[in-house]
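Under the heading compositional bias 'Low complexity', TrEMBL lists 1-21. Taken from TrEMBL, the feature compositional bias 'Polar residues' covers 22-31. The region 'Disordered' annotation in TrEMBL covers 1-31. As annotated by TrEMBL, transmembrane segment applies to 90-115, 162-184, 196-215, 227-249.
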Amino acid sequence: MGGTPGSTTSNNPSSPGGNNTHTGASGSLSGHEQNVASAVESWHHGAATAGSSMRSAEQYEVCAVTSGEQELVVTDRVLTVPNILSMARLLLLPVFAYLLLVTHSDGWALALLMLTGFTDWLDGKLARILDQSSKLGAVLDPLVDRLYVVTTLVTFVARDFIPWWVAAILIGRDLILALTLPIYRRRGLPPPEVIYLGKAATFLLMFALPLILAGHGDWPIAGFTHAFGFAFLIWGTVLYVWTAVIYVLKAARIARTYEVVPR
């Protein structure tokens with residue numbers, strides 16, 4: 001009874017004052033909601049702008065990488081500088097075996113082994129610089145590399161430079177991996193890429209063999225180079241076997257996962 005009209009109407013929603021009071025509260029709440037909605041909208045807009053900027057940056061980055069790379073064109077050419085170097089290495093292979101097995105000219109054999117190793121690195125560089133990558137080179141270069149490894153191992157065993165079982169492990173490893181290639185071919189897949197451990201193993205072996213050969217020379221640090229050569233040979237052999245297990249397991253997984261492509 002003693003209440004003010006404002007208080008009475010505020011308790012009576014049906015009265016005009018109650019409506020006005022409720023309307024004022026609603027207007028206040030709507031304003032708050034509008035502020036929140038505005039803030040959320042601004043946040044979404046900022047996030048969208050940031051996302052757009054990030055996408056633009058990614059697109060720019062991809063374009064920059066793509067434009068910066070030079071695509072290698074593989075051709076059917078035969079007479080290229082890299083192929084000539086690979087053929088020269090192939091022709092020098094019997095000379096290397098002759099120097100080791102017949103004349104026992106270990107110094108000349110070492111020089112020839114180092115020369116062929118340098119040309120192996122050089123032909124890959126020239127193929128990119130001169131844009132002379134070819135289908136023949138893709139087959140010839142690794143073939144010559146394997147022939148040199150096998151020839152060096154066989155001649156070293158014949159000269160008692162390394163144990164026969166080391167050569168058997170290294171050569172047998174390559175033969176086993178060669179048997180897995182049809183698994184990929186029959187499923188229309190490319191051969192497996194060379195993994196980093198495989199490259200490290202090959203590098204250690206390529207470093208070990210010349211050191212072992214140099215260790216049989218008549219010079220002051222021959223014993224030192226021979227010891228280091230055998231250390232690299234052991235490390236390289238372990239990695240060689242390890243990578244073989246990785247490749248075989250991968251081939252087995254491919255055989256289980258992919259179906260044979262009908263011809």
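In case you wondered, yes, glycine gets a Cβ from its N, Cα and C as well.
Those TrEMBL annotations? Automatic predictions, nothing curated.
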Residues of the parent chain within Cβ reach of the transmembrane segment (227-249), under 8 Å, 6 or more residues beyond its termini: 162, 166, 169-170, 173, 176-177, 180, 192, 195, 197-198, 200-205, 207-215
Spatial neighbours of the transmembrane segment (162-184) far in sequence, C-beta under 8 Å, 6+ residues away: 146, 149-150, 153-154, 156, 190-192, 205, 212, 233, 237, 240-241, 244, 247-248, 251, 254-255
